[in-house]
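Summarising the annotation, TrEMBL assigns domain 'Miro' to 14-181, 425-594. Sequence annotations record features per position, and here TrEMBL assigns domain 'EF-hand' to 317-352. Among the features that TrEMBL reports, transmembrane segment is placed at 619-639.
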């Protein structure tokens, strides 16, 4: 594309590039820096230069460069490491007339950068080119190729001469370019192809520019793309040239409608191969991508005042968009997104967000591993609850058309919900507590439609299950069950705000095992105590699991007595094996919708409450007595004044 890139670049908003020059003593570091800055070879160079700044107009990107000189002496080792860790790019020097300094790059300097975890572009520079022995002429590519194969962080190799002014400006131009327009996120040198995340980014850009959604960029759409990215239109002859170049190398890259996605990707791979990375990065940054090829959006104006007992939900606008996206990608119209359809939906995201925990296997799927609409929306509700920033970014990736902040809302504080005895939430998070083998996992599995299994698999880490619960007369609500392994309870409750995000807690026990009940009752006491001590009380329900087994002799009496003593509902018997859940999920949501009810009280809590009431009553009595005394004095004064007047 002959004119692409002519409009200049937008290098990520950087105000400075910090380049650190390192290498063996006497390789020409200081002479290189002085010659670049002063445009003349120094006759007398100090051992170590102060930070040197190159003017912003020295290179086309107009970003100032600060060059840091370093010493390789043993006593300067700490300072050297500090400078390297703060570098945006590193220039490693060797002397062309001293082969041993080249060897030191691979035996010391490059391994040292890795040891220090300096993950920035490296420019290898051979200085003193004018002093190389004419009888030892070896091509730079031949020397550096094996080193670059082993150390992929090397961006460019170049040889120069400060004394003869050979390729001095180019050294820092390449270093700056490697920072502002890095190759590593875009291109895999081994396969000579665009990296997956780069392909995903350009696929999204292509779709956004394909206004008529016909799968190709017409001449008009190509021109709009050019103007948007580079502020300059393409002439008809230039568009023809672009398509001809693509068609010659990749016939399927152009069809009768215009430039196809494969042609669009080929074009950008071609720019990168020809070293025109500024062109590719200009496009990416115009569409909001960072150096990591991710779109970041600042939600701090929305989330800044969020308190621990508030949660984040998607708005109706976002849900309506997701429903339309679901319908668009449900190609076979079977009411579910199969894995291949879901992968296609997220093919424009930086990564597919639901491949790993806590989202993997958190929603209901059919026998073909397809997500229903309710399952799809539940996954989004869960991601918004746990990571609203990631949720909004993924909405942007898949084409959410509105202002990103319009996709989410912050709910009212749970503490205020309890005071007002109602809630406006649409998503409820329920903590599931219980001892080992109580039936917690079976409860979660049943919630997302997984078949019951007799085999016991311990839950070692927290897991989630999310689904839609339809309440008669109310409508659909999303319930998120969060299983807390018994061994994680102590760690969870060590955090004062642990229960702030919880709408309701469920305590599961094996109704056939007395010890299971006792352990569950102890967990209930711990959670209730934590809530009373922190002010984050939560409604609680007791679930008597494995109702298909014979209960231990005093099961009903013991659990009923505890529930009555603590002021919560009687235990709810269920059997995951028989599929008898006694409307447990609706009952959980109904309890969460009445946040002032089902809150357990411990004996300590009752005593504290009674004491506070007594103190309040005492204060009131004292206050009334004081008022009565004041009134009596006032009446006496009026009486005395009248008596004196009559006298």
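FYI, residue positions are counted from 1 along the chain as it appears here.
Glycine is treated like the rest: Cβ placed from N, Cα and C.
Remote same-chain partners of the domain 'EF-hand' (317-352), defined as residues 6 or more beyond its termini with a Cβ less than 8 Å from a stretch Cβ, comprise 197, 200-201, 203-204, 207, 292-295, 365-366, 368-373, 375-377, 380, 393-395, 397-402, 406-408. The residues of the domain 'EF-hand' (317-352), classed with DSSP into helix (H, G, I), strand (E, B) and coil, number 23 helix, 2 strand, 11 coil. Mean pLDDT across the domain 'Miro' (14-181) comes to 92 in this model.
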